[in-house]
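Report on one structure; see the data block that follows.
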Amino acid sequence: MGKRMGHSAILICIVFSLLGSAFAQLKMGFYSQSCPTAEKIIQDYVKPRAPVAAASLLRMHFHDCFVRGCDASVLLNSTSNQAEKDAPPNLTLRGFDFIDKVKTLVEAACPGVVSCADIISLAARDSVVAIGGPTWKVPTGRRDGRVSVRSEALQNIPNPNSNFTTLRSDFANKGLSVKDLVLLSGAHTIGVSHCNPSFSNRLYNFTGKGDQDPSLDSEYATNLKARKCRTINDNTTLAEMDPGSFKTFDLSYYKLLVKRRGLFHSDAALITDATSKSFVTQLLQGSLSNFFTEFATSMEKMGQIGVLTGSTGEIRKICSVTN
């Protein structure tokens with residue numbers, strides 16, 4: 001009996017140590033000895049540029065973490081256009097030059113120490129804080145991946161045309177809950193989007209019969225057609241995701257959702273499910289600081305997805321190529 005208990009205790013210890021290993025190796029101030037100025041260098045570069053860069057950096061962080069985990073695989077180039085950045089969801093991603101510039105500054109201070117994955121994570125957080133948005137903890141120690149596959153980005157990055165069931169499963173696959181889905185979608189309170197392919201079908205060809213999405217407020221749809229997306233194929237015009245407040249990190253995104261004015265089908269989907277709709281309602285009944293606190297918790301979870309730590313992966317010298 002004693003022997004058996006000993007074995008099961010050992011097994012339990014092994015399981016917990018495996019589960020905890022990635023989390024244990026990411027830690028606050030990971031570079032405090034090896035590159036003590038790293039976080040300040042990143043913050044100082046990001047802060048004055050945040051009003052222009054925040055939405056792009058937050059989106060890049062999200063797109064990176066959803067494919068192979070937060071390993072900067074989204075930054076890798078491919079000579080045959082088969083990397084993540086070549087996939088349709090990432091063709092409108094901006095901020096690659098921005099991250100390259102930050103990496104250059106950090107490399108000058110501490111060559112070969114700070115990962116591109118940590119730079120994305122820190123820059124996304126710092127840019128949101130600089131525009132008056134929430135802060136969240138970014139434990140560091142992520143390492144950079146060596147693999148980047150176009151098809152994986154297509155499979156894993158949530159599509160703006162997805163329904164609720166698909167979104168819930170996309171997030172569950174990454175260990176994220178319906179609450180996380182609602183909170184992380186709140187990032188759409190800042191930034192802009194191209195009409196096509198993100199939402200123009202909602203205006204012109206929702207079911208393939210030249211129709212409009214009935215779940216979209218008709219006045220808002222008319223306005224978008226007249227002022228923004230004049231044709232279904234317009235892939236150059238940008239529309240604000242949170243009109244009138246797209247530079248401010250606030251609750252107005254959720255206020256628009258309940259008025260049926262979410263820009264993407266995936267935004268509108270959040271009020272088609274009772275559980276997710278109740279989270280939206282709770283956020284609207286709460287304070288802005290409550291939203292910030294809840295958003296921070298979900299961002300901290302997202303920033304831990306599939307991280308490489310210890311001796312796995314590498315520390316890239318240049319973010320767009322493996323060593």
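Think of each number as a place in line: the chain as shown, counted from 1.
Here the Cβ of each residue, glycine as well, is placed from N, Cα and C on the backbone.
Automated prediction, rather than curation, is the source of TrEMBL annotations.
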Of the candidates Cys195, Cys319, the one sharing a disulfide with Cys229 in TrEMBL: Cys195
Selected from Cys13, Cys35, Cys319: TrEMBL disulphide partner of Cys110: Cys35
Per TrEMBL, the disulfide partner of Cys70, chosen from Cys65, Cys116: Cys65
Thr189, Asp242, Asp250 excluded, remaining Cβ within 8 Å of their centroid (Ca(2+) 2): Gly186, His188, Ile190, Ser245, Phe246, Thr248, Phe249, Leu251, Ser252, Tyr253
Candidate with the highest Cβ count within 10 Å, taken from the binding-site residues Glu84, Asp242: Glu84
Sparsest-packed of the listed recorded positions (Cys35, Val67, Cys70, Cys195) - C-beta count within 10 angstroms: Cys35
Residue pair Gly69 (Ca(2+) 1 binding site), Cys195 (disulfide bond) - Cα distance, angstrom, rounded: 28
